[in-house]
Amino acid sequence: MSLIRLNIDSFRNIQLAQLSPSSGINLIYGQNGSGKTSILEAIYFLGMGRSFRSHLSQRVINNEQDKLTLFATLNLPRGDSKIGLRRFRSGETEVKIDGEKVKRLSTLAETLPIQVITPESFSLLFEGPKSRRQFIDWGAFHSDPQFYAAWVNVRRVLKQRNQLLRNNSSYEQIQYWDREFVRYTEQVTEIRNRYVDSLNELLKGIIGEFLPQVDVKVSFTRGWDSKTDFAQLLESQYPRDLATGHTVSGPHKADLRLRVGSLPAQDALSRGQLKLLVCALRIAQGKLLKQQIDKHSIYLVDDLPSELDAQHRQLLLKQLVDTGAQVFVTAIEPAAIVDSLHTPPSRMFHVEQGRVTVIE
């Protein structure tokens, strides 16, 4: 799967751009503020319905316009597919796939799986468990068609349970919701656990290439003691949950633990090593997607030269090429990427003040 055409209209400082990317490595270069990262952001927005740089989607709309429009043609094994997205400053979003209106943004994610390696994406290890849960759930969503419905139900029931706790409801009033919570939690947890087990098999080899001297152990924690029955735990923790006004334990507390010996990876590894570990996780996730459902991710790699030294840039780019996936990588100077590749980029784009030029 690859993008063979991308139209960007009124996205940040890009007034209008049309790209015909290669299915291999696409190098986008230009000075800071030129708009090169905005191209990656537009692709991500088209696949996720949101930005990886700002939580306020209205901010990505060009200041002089009331809406942005993104359009892409995807090359798929079954033939070409067309995706269109329009976001209005009012917050309304319109999405079409092959001319049909789409109501759920999850359909976009299913159609256009995207992996991001940016300065922001390194928060996967540097911040709390939320981003690591999102990492697991991205894979679980793509690997098992039952995951999304179960995950939506977990969120729905958890919201209802927390509202009852804030209302000081008796446990008898909460019991029905607990039965539902347990049922959907078991589904979500089983799929998450199975996914992390599969990821681990691929991850060992990739981590070995990036960090050959380091033994990293990866494990999934479900959000409560695995030796404890979840239904019994909810009942026994009811007084504590009532006091805090929210559910203390459960799938919303799940995490991906990475350890080196007895220490968390965050404490045992240097910042540079942690960045390589995040790269390994993203590449393993993309490779597993291909293995499980025979679909490539699209990799968006932003500002690589500032994040990794020349040796590790070369290693990461080799791994990306080996995936066989489509890659978009940005840099200020093209030589920083070209010199790290064994063969020239399949296509190069220069961006200046929001204008995109193909370099032949």
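Residue positions begin at 1 at the first shown residue.
Every residue gets a Cβ built from N, Cα and C, even glycine.
Among the features that Swiss-Prot reports, ATP binding site is placed at G30, Q31, N32, G33, S34, G35, K36, T37. Summarising the environment of S34 (ATP binding site), the number of other Cβ atoms within 10 Å of its Cβ, over all protein chains shown, is 22.
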Study note, to complete from the structure: Excluding its own, the Cβ atoms lying within 10 Å of the Cβ of T37 (ATP binding site) add up to 22
Point to revise | Which of G30, G33, G35, all binding-site residues, has a Cβ with the fewest other Cβ atoms inside 10 Å | key: G33
Check your understanding: Applying the rule Cβ within 8 Å of the centroid of the Cβ atoms of G30, Q31, N32, G33, S34, G35, K36, T37, what extra residues of the same chain belong around the ATP site?
Key -> S38, T330, I332, V351, E352
